[in-house]
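Some features that Swiss-Prot has for this protein:
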BINDING   S9, F10, H17, G93, L94, R95, E103, S128, R129, P130, I131, T132, A133, T134  ATP binding site
BINDING   S9, K41, V78, R92  substrate binding site
SITE      H17  site 'Transition state stabilizer'
Amino acid sequence: MTTAFYPGSFDPITNGHVDVLVQALNVAEKVIVAIGIHPGKAPLFSFEERAELIRLSLAEVLPGKTGDIDVVAFDNLVVDAARSHGATLLIRGLRDGTDLDYEMQMAGMNRTMAPDIQTIFLPAGTASRPITATLVRQIAAMGGDVSAFVPAAVLQALTSKRPD
């Protein structure tokens, strides 16, 4: 069984992340969605909230495939975390050339540290290309409509986080 590791902050999960996950399930039988925990960062959503939003979002889009996806936390090197979960593929989504330049550098470093783990780049769909979780948080915090950028469960969670 091929296992893929899809790391990110997912704060929150966006339609772009979901798009990449759907594609990832076409190249791997199992996908580990790995939420990075960084002590120096103050995320909008806790790990538990992000994990639940990922599960709810995927249940909307992939009702029959949720058993093929695990959600975990990690706070170490991506390749070490991937290896500890038995993953041989590292999934990275690409929106544009800027992402590609950065991700190619990371893929090279990861390949040197873990030659047994292959990085797979999956392009974001046209509709999800401009979406970033940072922009979603900023727009939502200012009362903007982010419904085109996030799954319904995330929209509801963002609305509940907004001060009245």
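Any Cβ shown, glycine's included, is placed from N, Cα and C.
Mapped onto this structure are the features recorded in Swiss-Prot.
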{"residue": "S9", "record": "ATP binding site", "Cβ contacts under 8 Å, 6 or more apart": "I35, G36, H38, K41, P43, R50, A133"}
{"residue": "H17", "record": "ATP binding site", "Cβ contacts under 8 Å, 6 or more apart": "G8, F10, G93, A133"}
{"residue": "V78", "record": "substrate binding site", "Cβ contacts under 8 Å, 6 or more apart": "F5, P7, A34, L90, N110"}
{"residue": "R92", "record": "substrate binding site", "Cβ contacts under 8 Å, 6 or more apart": "E103, M106, A107, T119, I120, F121, L122"}
{"residue": "L94", "record": "ATP binding site", "Cβ contacts under 8 Å, 6 or more apart": "L100, E103, F121, L122, P123, A124"}
{"residue": "R129", "record": "ATP binding site", "Cβ contacts under 8 Å, 6 or more apart": "G16, R95, D96"}
{"residue": "I131", "record": "ATP binding site", "Cβ contacts under 8 Å, 6 or more apart": "T14, N15, G16, R95, A124, F149"}
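In this structure the residues listed as binding ATP are S9, F10, H17, G93, L94, R95, E103, S128, R129, P130, I131, T132, A133, T134; their two most distant Cα atoms lie 18 Å apart. L94 (ATP binding site) falls within a strand when secondary structure is assigned with DSSP. By neighbour count, meaning other C-beta atoms within 10 Å, the densest spot among the binding-site residues K41, E103, A133 is A133.
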